[in-house]
Amino acid sequence: MGTRSFLWNFAKKYFTFGLIGLTISDRYASIVPVRGLSMAPTFNSHGSTSMGSLTDNYVLVEKWCLEKYKFSPGDVVVFCSPSDHRKSIVKRITALPGDWINMPYSSDALKIPEGHCWVEGDNSASSVDSRSFGPVCYPLL
């Protein structure tokens, strides 16, 4: 009977910790790896090595600003890729709703619509960002 009691207490404890950890990760903060060179030199300035994910930078992402979408230009955000919802992308916000952006390789200007923002990587030569896929809607953030 002692083993059954031990296993039940063990399972309850780890299930409880798991639920608490999941809630914190989902609502308050999580740790996200930053891969690739699009945010160099801020993140991953060392480039790609044979060490793979051991050399990735990791960032603590707080989720309080998502409550009312309180963002500022210069904030680094993690969002779902517009082309693949399973992939997360890390970029910097450069424009908010109502701001005007000069389109790259063109003399056109674009006004950022309500509920969207413009994101760019710090390393424009290695970044697929709003210059490629346009403004990002807030629900993807």
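Even glycines carry a Cβ here, placed using N, Cα and C.
For SER38 (among others), the entry in TrEMBL reads active site.
Counting only same-chain residues six or more apart in sequence, the Cβ atoms lying under 8 angstroms from the Cβ of LYS91 (active site) belong to SER38, MET39, VAL76, VAL77, PHE79, VAL119, GLU120, GLY121, SER127, ASP129, SER130. For LYS91 (among others), the entry in TrEMBL reads active site.
Across the residues of the domain 'Peptidase S26' (8-103), the predicted structure has a mean pLDDT of 81. If you look up TrEMBL, you'll see 8-103 (among others) marked as domain 'Peptidase S26'.
Same-chain residues lying 6+ beyond the ends of the domain 'Peptidase S26' (107-136) with a Cβ under 8 Å from its Cβ atoms: 36-43, 71, 77, 79, 82-83, 89, 91-101. The annotation domain 'Peptidase S26' is assigned in TrEMBL to 107-136 (among others).
All protein chains included, SER38 (active site) registers 23 other Cβ atoms within 10 Å of its own Cβ.
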